[in-house]
Amino acid sequence: MWRWIRQQLGFDPPHQSDTRTIYIANRFPQHGHYVPQKFADNRIISSKYTVWNFVPKNLFEQFRRIANFYFLIIFLVQLMIDTPTSPVTSGLPLFFVITVTAIKQGYIDWLRHKSDNEVNGAPVYVVRSGGLVKTRSKNIRVGDIVRVAKDETFPADLVLLSSDRANGSCHVTTASLDGETNLKTHIAVSQTAVLQSVANLDKLDAVIECQQPEADLYRFVGRITINQQIEEIVRPLGPENLLLRGSRLKNTKEIFGVAVYTGMETKMALNYKSKSQKRSAVEKSMNSFLIIYLIILLFEAILSTILKYAWQSEEKWDEPWYNQKTERERNSSKILRFISDFLAFMVLYNFIIPISLYVTVEMQKFLGSFFIGWDLDLYHEETTQKAQVNTSDLNEELGQVEYVFTDKTGTLTENEMQFQQCSINGVKYHEINGKLVPEGLIEDIPDGIRPGLAPEEELFLKAVSLCHTVQINNDQADGLCDNPWHTNSIASQLEYYASSPDEKALVEAACRIGVVFTGTDGQSMEIKSRGRPERYKLLHVLEFDPCRRRMSVIVESPSGNKLLFTKGAESAILPYSTRGEIEKTRVHVDEFALKGLRTLCVAYRKFTAQEYKEVAQCLYKAKTALQQREERLAEAFNFIERDLELLGATGVEDKLQDKVQETIEALRLAGINVWVLTGDKHETAVSVSLSCGHFHRTMNILELVQHKSDSTCAEQLRQLARRIKDDHVIQHGLVVDGTSLSLALRQHEKLFMEVCRNCSAVLCCRMAPLQKAKIVRLIKTSPEKPITLAIGDGANDVSMIQEAHVGIGIMGKEGRQAVRNSDYAIARFKFLSKLLFAHGHLYYIRIATLVQYFFYKNVCFITPQFLYQFYCLFSQQTLYDSVYLTLYNICFTSLPVLMYSLLEQHVHPHVLQSKPALYRDISKNAHLGFKPFLYWTFLGFVHAFVFFYGSYLLMGEDTSLLGNGQMFGKWTFGTLVFTVMVITVTMKMALETHFWTWINHFVTWGSIAFYFVFSLFYGGIIWPFLHTQNMYFVFVQLLSSGSAWFAIIIIVVACLFLDVVKKVLYRHLQPTCTEKAQLTETGTGLSCLDSVCCVSDGETACASLRRMLERVMGRCSPARVNRSWSASEPFYTTDRSILTLSTMDSVTC
C-alpha cells in the first residue's frame, strides 16, 4: 500500500521500460545523468498477515461472510436497544466462531512466516570489494555476484558467469520448480567463463539488458555487453544461461552468477499463483438455504410484530394494570416503536440462522481431508507415494462428478517408453536381443555375432544419438563400449537422464544396437559407433517447442561437414522433407500408430559453407534481439529446418497403467462420462482408447478430423448428428482433432455439443493445452452445469486441471507442475475409483447430512420460542435461559454431528467401490436438493410443535407436578421443552448414524449426560458473578417430578416414532440402490467370516467355516453372494484403508 502511494506521488516510479539494465557488481556509470532503477529486495514473502494487520485484515475477511456479518449486526442491535435476550447470547457464539477461524488462519500464516524467515536468513556468499563476503539471502541486491557451491540452492535468479569447469558449464536439477529430477546443463558465455577467481570477477566490467520479470520458467531474453579495453562484445542470453531460484547445483564444485531477478520478482515467486477459489455445489446449496431461512426469520419477526400491535389494539392489553407505560413511552413515535419491536423479535429468533454451521463445516473438511492421505489403498508402494490433498474445500465435490477429462500419456499409460520398431529408408525393423532386424526376418543371430550396420542404418542411429538433450553422469562416459560387438551389456552400465521419456528410450535403443552416446561437455558430443569414438562439435541447439513440434541440433562432424539433425512429429517433418523414402515412411508411421506406438520422424540436412554462414548469421541476429526474440527465432528455425532428407521414423510403446480398463468401465457404470484429451496423433490415440476400454470394439466410431474450413466442418457435424439419430440404439464414440475442434467451436458450438452429448465416449487428439481447458469450460458452462473433473500428469494439463471443478494431478514422470496446481494428487489412475466411489460418496453423504441436520436442529430450537409468543402477548419474553441459548449450538449438540461427519459409513467402502452404480444415487446434488431440504425443515417444525405442545398439555392446566402440591413456573416449562429438544435432536443424529464406533457412542450419550450434569451444576449453585439467576434449583425440581420424566420419554418417542415409521416404509416400498446395498450388506454380512469364505484364499483357510455357513445360512454359495471382488485383487480382499478400521483377510479371522 505504501509503495503504491509512493508510486502515485512519483517518489517510487514503477518500471517504465520493457527491459531492465543491470550493472554487474553494481558498477554504475559515473556521469551525473544516470538514475538507478528500483528493484525488489531478495526477501520472499508467502505470508498473508503481519503482526500489525492480522486483526483488522482477518476480521474484514471473516465479516465478508454473510452469516458472520448478520450475527455482528444482531449483536450490535442487542447492544443499542432493549432486547429480550442478553447480547452475550449472540456475541459469545460469534466470538467463538471468529476466534476459532482466526486461530486456524493465524497458525497457518505463522508457519508461512517461519518458512520465510528460514529462507530469507540462509547464509550466502557475494563478491564485494575484491573478496567473498558472507551475508544473508535477503540482503542480495540485483547486480550482486553470488557464489553457489555444490548441492546448494540458488538464492535468486542468476545469470551464470563462470564455473569450476573451463567451458563454464554446470548441471542443475529443477525438482522443486517443475519436479523434473534429470540434470539440466547451463552454460556461461565464453568471455566470462574464463573468470574463475574472485579477483578476476571483481574486475569484470559488463552490463546485462534483459526483459522484466515474468512467470514463464522456460523463457528468458537478454544480452550481455562486456567492455574489454576499447571494444564492446555483445553476447545473447537465453534460458540456458539463467539459473532459477529454488533449483539446485549438481555435479559442479561451484559457480558464480549475477543476480538479475530477486525476491518476489524471481520466476519461482511469480509462480506462486493464487488459484481461483473453487466453490463446491454443497457450499452453494448452503448459501441458498441460508437465504431461505433468513426469509423465514424475517417473516416470523414481521408476523410477531404485527400480531403484537393487533393484540395491543385492545386497551386492556395495551396497558394492563400491572405494566403501566411511562410518559416517555406514551409519547414515543409509533414508527420507531414498530422498528424497535421488529428488531427485538429479530434478535429473539436469530438462532434459526446457524452461525456454528460454517465453523463445523470448515473443521469437517479440514479434518476429513486427512483420511485421503491416510488411506493405504491410495498408497503406491513402488514409488512410495501417497495421495495428497492440496485443498480441503472440495472433498464432497468428489461425490458429484459427472464428466471426467483425462490426459493419455502418463495418466492412462505408464509414460515408460520402450523402443519397438523403426523405419529406415523405407524398410521396417524390429529390435531383437539388441540387434536391428528387418521385418520378416525371424532367424535370431547368436549374441556373439553382430552383422555390420548399413550406411543408412548407421546414419539413422547417429541422428538418434545426437539429436536430443539427454544427460549422462561424467564418470560413466569413459571405459565403455571397448568391444564393438558386445554393446547390449553397456545399456545396463550407462545411466541416462532425460526430461522426455521418448528421448531416453531412443538413446538407450541406439546404445543397445551399437551407436552409443557417451556424453557431452556443452561444446561437443561424443558417440561410439561400433566401438570407434567420434566427436561432433555442437554448434547450435534448436530447442523443441509445441508450435514447431520438433527439435534440431547443428553439429560439425569429425570430417568437418556441417550437419543438421532433426526429429519431431510426422506432421512437422514430412512436409519439410524433399528427399528420402517419404511415402513409404508415411505408411509405416500410420502402421505404428495403429498399434498404439508413439511415433517420431528423423531427418537431416548437410550444409555447404555458404549455407552454414547464412544459418549462423540468421541465428545470431535472432538470439541477440531483445524485442520479439521468440518470433524471430521461430522464423530462423523455419528457415533452417527445410530441404530435409528423411532418414526414417521410430515407434516406441507406452504401456497402459494397471487396471485402467476396469477403472474406466467403473466410471461408465457410475454414470460418469469419460473424455480423453491428448496431444497424440489420431491413430495412436484411437488405438490406446480401444485398448484401455474407453472405446468398445462394438462401438460405432465417428470422426471429425482434418477439416480446414467452417463449411466442411459444419456439414460433417450435421452428418454425424443424422447418423446418431438414425442409429440411436448403437453406442457411438466421437474422435475430434484440434484443428476441427477450433472450427467447430467458432460458429457451431451448439451442434458440436449436441453430437458430443449423444456419444458414449469422446476422444480429442492433437490438442493444445489451452484447447483442453476450452473443452472443459465448454462442458462446465453448458445449460446442465455438470460437475467436471480433470486429471493429468504434465505441465500441458495444468490449464484444464485449474479450469475443472475438481483438478487431480498424477504423480508421474513429467514433473510436478500438474500436482502443484491440482486440488488432489494420486500416484495412479486406478486410484480414481476409490477416490470417487468411496471417499467422494462418503464425504458427500456426511456433509449433506451435516448441513441439513444443522438447519433442522435450529428450527427445532427457535420454533418453540415463536410459539411461546402466542401465550405471552408477544411481549418478547424468551422461553429459554440465556446460557442455554448460548451453549445449545456450541456444546450441547455440536459433537455428535461433527463425529458423524467424520466417521459415518452408511455403506461399507468395499461395497461402494464394487458397485459403482451406487454413485448415481447421490448425483445431481440429490441429498441437498429442494425436496430433502423441505423434508428436513418440515421435520424440524413438526418436532418443534410436539416439543412445545406436548409440554404444554402436561403443564398447561395448572397441573400440580410436585409432591408438595407446587406447580411448575415459566422457567421450568422452558427447561422441560429444552431438555426434550436436546435429547430428541441428539437421538435423531443417532438414528441417522449407520457406522458406530466407540467415538460415536461417547459423543452421543456423552452430550446428553453433559447437558444433565451441566444443568445440575448451573442451577444448583448460586453463582456470585451472575446478576440474576432464574434457573436456580429449577432443573433439580424438574428432575424430581416423575411426571416430567414420563413426559420427556413420551415426547421423545412420539417425535422419533413417525420418523422411524417413515424410514421403514420407504426402505421396503421405495428403496434406493444404496438402501438395497445396505440390506444386502446386512443380509450377507460384511463380517470377517463372509470375507473369508467368499474368496478363494479364505475358502482354503476356513473350509469348515464355509461349510457351516452354507448349511446354516446359505450365504456362501457363489450364486447367492453379492460380491465382485476376488482373491486376486488385494485392493478388495485386504482393505488397509483407515476407513474400515479393521482388515478383512483370513489372518485377522
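The backbone N, Cα and C atoms fix where each Cβ goes, glycine too.
Look at TrEMBL and you will find 33-90 tagged as domain 'P-type ATPase N-terminal'.
For 123-186, the entry in TrEMBL reads domain 'P-type ATPase A'. According to DSSP, the domain 'P-type ATPase A' (123-186) comprises 7 helix, 38 strand, 19 coil.
As annotated by TrEMBL, domain 'P-type ATPase C-terminal' applies to 819-1072. Per-residue pLDDT, averaged over the domain 'P-type ATPase C-terminal' (819-1072), rounds to 85.
If you look at the transmembrane segment (66-81), the same-chain residues 6 or more away from its ends with a CB under 8 A from one of its CBs are 87, 89-91, 93-94, 97-98, 287, 290, 294, 340, 343-344, 346-347, 350, 353-355, 357-358. Per TrEMBL, transmembrane segment is recorded for 66-81 (among others).
As annotated by TrEMBL, transmembrane segment applies to 288-311 (among others).
For 342-361 (among others), the entry in TrEMBL reads transmembrane segment.
Per TrEMBL, transmembrane segment is recorded for 835-856 (among others). Counting residues 6+ beyond its ends, the transmembrane segment (835-856) has Cβ neighbours under 8 Å at 282, 285-286, 289, 293, 354, 356-357, 360-361, 364-365, 368, 371-372, 375, 378, 387, 395-401, 666-667, 670, 672, 789, 808, 824, 826, 897, 900-902, 904-907, 909, 912-913, 916, 918-919, 922, 927-928, 932-933, 936-937, 939-940, 985, 988-989, 992, 1137, 1139 in the same chain.
Annotated transmembrane segment per TrEMBL: 933-951 (among others), in sequence order.
With a threshold of 8 Å between CB atoms, the same-chain residues lying at least 6 positions outside the transmembrane segment (971-991) that come near it are 853, 856-857, 860-861, 864, 868, 878-881, 884, 888, 892-893, 896-897, 900, 943-944, 947-948, 950-952, 954-955, 1004, 1007-1008, 1011, 1015, 1030-1031, 1034-1035, 1037-1038, 1044, 1047-1048, 1051-1052, 1055-1056, 1059-1060, 1063. The annotation transmembrane segment is assigned in TrEMBL to 971-991 (among others).
The transmembrane segment feature in TrEMBL is assigned to 1003-1026 (among others).
The transmembrane segment annotation in TrEMBL covers 1032-1058 (among others).
With DSSP states grouped into helix (H, G, I), strand (E, B) and coil, the domain 'P-type ATPase N-terminal' (33-90) comes out at 27 helix, 0 strand, 31 coil.
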